[in-house]
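Visitor: The structure is given below, and queries will be raised subsequently.
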Amino acid sequence: MAQKIQGTEDLYGDYMRAWQHMQDTARELFGAYGFDMIETPAIEQIDTFVHGIGESTDVVRKEMFRVVSGALFSTLLEAGSEHGLKPRQRMAMRPEGTAGVVRAVVENNLVPQGSSPAKFWYAEAMFRGERPQKGRLRQFHQIGLEWIGASDAASDSECIIVLLEFFKRLGFDPAQLHVALNSMGDEACRPAYREKVRQFIVDHQDAMCDDCLERAKINPLRSFDCKNEACHAIMQQAPLVTDNLCDACVSHYDQVKAYLHKAGIAFSEDPTLVRGLDYYTRTVFEIDVVGAAVGAIGGGGRYDGLVEVSGGKPTPAVGFAVGFERIMLALASCGHPLEIPQPSCVYVAYTDAPQRQAVFDATLALRRAGIRAEADYQGRSLKSQFKQADKLGASLCVIIGEDELAHNYYTVRDMQTHEQTCVEVDGLVAFVSEHC
Ligand code: AMP
C-alpha cells in the first residue's frame with residue numbers, strides 16, 4: 001500500500017476545518033490591520049533562500065529540500081554535483097515564507113521609493129528536511145505576516161500585539177502565553193558582538209562540542225541554541241547582545257518595550273534569544289505556551305537588511321510566522337482543543353424509487369439557495385437514510401414519500417425535537433432557511 005512520507009500529514013475532516021478556521025481568523029484580524037493575502041510559489045531558486053535566510057543556518061545547510069526537474073536529475077547524477085546547473089535550475093521547496101515574500105515584493109516593485117509599506121499575510125505549506133518527531137514535521141503549515149517598509153518601533157510592537165490577539169481568538173488563555181523578547185543589534189553593532197562571541201567560544205573550546213566550534217567559524221550566535229548541556233551552561237556566561245548594542249539599537253529596543261508596556265503586554269527579555277535565520281536585525285520575539293511543552297508556537301522579528309540583500313533598495317521590515325500543527329498541539333495540551341463543528345445540513349430522504357427525481361429537485365433547489373443539502377446516492381432504505389442523516393448531524397430531514405409526491409408537498413422533520421411539518425414544494429427553501 002502506498003504510504004505518505006514520514007513527517008507529512010493528510011489534512012481532512014476536523015483537522016482541515018481547524019486549518020481553515022485559522023486562516024479565516026487570520027483573514028479577519030490581519031485584514032483589520034490592513035494586511036492583504038499573498039501566495040508565493042512553493043518552489044523558488046535556491047539563491048532566494050540562501051541569500052535571505054543565510055548560508056550558515058541549519059535551515060539552508062541541512063533542512064532545505066532541493067529540487068531539480070526530472071530531465072535534469074539524471075544529468076545531475078551523472079555529473080555527481082550540481083555545479084554544472086544554472087542558478088535558475090537550482091531550486092528548493094520553501095522552508096519559510098519571508099524570503100519568498102520579499103523576493104516577490106522586490107521583483108514586482110511593490111514598495112517603490114517613498115510609497116507606503118507593503119503589508120501581506122500568507123497561509124502556506126513549508127518544507128524542511130528535519131528528523132520527524134512530535135511538533136516537528138517535514139511538511140507543515142505556517143501563517144505569517146510581513147510588514148515591508150515600516151521602520152517605526154510601533155510596527156514591531158504591533159506585530160506582537162496582533163500575534164497575541166490571534167492566539168487569543170484561537171482559544172488560548174492570554175495568561176498562558178509567554179513572550180520572549182530580545183534585540184539582535186544591526187549591521188553597526190552586531191559584527192563586533194559576533195566577534196566577541198566567537199572569541200568567547202574559542203576561549204572555551206576545550207569544553208564545547210564540535211558543532212559549536214564549527215559555529216564559531218561561520219555563525220557563533222547559533223551556539224546560544226546548542227542542545228548540548230555543557231555548551232548551554234558555558235554560553236550562559238557569554239557576552240550578551242544587550243550589553244553590546246549601539247545607541248540607535250538601544251533606543252529602538254527601548255521604544256518597542258515602551259509601546260508594549262503601554263499596551264499592557266507582559267513579556268520577558270531574553271538576551272540569549274537568537275532566531276535561526278540570519279536575516280533578523282534588532283527586535284526578535286518568540287511566543288510559547290506555559291506548560292504545553294511543544295516548543296515555540298510562533299516567532300518573528302525585524303529584518304531591515306533582507307530587501308537589500310534580495311536586490312531591492314534598503315527597506316526596513318518586520319514580521320512573524322506561526323505554526324499550525326504546533327498551535328493545535330499546544331491548544332490540545334492546554335485543554336482547549338480547537339474543534340470546529342461540521343456546518344449543519346439538511347438531509348433529503350425518500351421512501352421508494354419513484355420519489356428519487358423529487359429528491360434530486362429538492363436538493364438542487366436547496367443547494368442553489370446556498371443551503372448545505374445531502375441525500376442518498378446508494379439506494380439505501382429509509383431507515384439507513386435516517387441513520388446517515390444523524391451521522392451527518394443534519395438539523396432537518398426532508399421526507400418524500402408516495403403521498404408527498406402525489407400531493408406536491410414535503411414532510412420536514414426537525415431532527416432534535418422530531419416535530420414534523422408539511423411544507424409546500426415551492427415553500428421549501430423559505431421554510432428551511434428559517435428553521436435550519
Ligand atoms: P521558524 O520559521 O523556524 O521561526 O518557525 C516559526 C513557527 O513554525 C514555529 O514557532 C513553529 O510553530 C513552526 N515550525 C517550525 N518548524 C516546524 C516543523 N518542522 N514542524 C512543525 N512546525 C514547525
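Every residue number used here counts from 1 along the chain in the order it is shown.
Yeah, the Cβs are placed from backbone N, Cα and C, and that goes for glycine too.
Please treat TrEMBL annotations as automatic predictions, because they have not gone through curation.
Taken from TrEMBL, the feature L-histidine binding site covers Glu96, Gly97, Thr98, Arg128, Gln142, Glu146, Arg275, Tyr279, Tyr280. Residues or ranges marked as domain 'Aminoacyl-transfer RNA synthetases class-II family profile' in TrEMBL: 1-341.
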Visitor: Using a Cβ cut-off of under 6 Å to any atom of ligand 1, determine which of the binding-site residues Glu96, Thr98, Gln142, Tyr280 qualify.
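Guide: List returned for ligand 1: Glu96, Gln142.
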Visitor: Which one of these binding-site residues, Thr98, Gln142, has the sparsest Cβ neighbourhood, judged by other Cβ atoms within 10 angstroms?
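Guide: Checked Thr98, Gln142; of these binding-site residues, fewest Cβ neighbours within 10 Å: Gln142.
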Visitor: Sorted by position, what residues of the same chain at least six away from Arg275 (L-histidine binding site) have a C-beta under 8 A from it?
Guide: Met184, Val284, Glu286, Gly299, Gly301
Visitor: Run through the Cβ atoms and count how many others sit within 10 Å of the one on Glu96 (L-histidine binding site).
Guide: 23
Visitor: Pairwise over Glu96, Gly97, Thr98, Arg128, Gln142, Glu146, Arg275, Tyr279, Tyr280, annotated as binding L-histidine, what's the top Cα to Cα distance to the nearest Å?
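Guide: Farthest Cα pair among residues binding L-histidine: 21 Å.
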Visitor: State the count of C-beta atoms found within 10 angstroms of the C-beta of Tyr280 (L-histidine binding site), not counting that atom itself.
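Guide: So the Cβ neighbour count for Tyr280 (L-histidine binding site) comes to 27.
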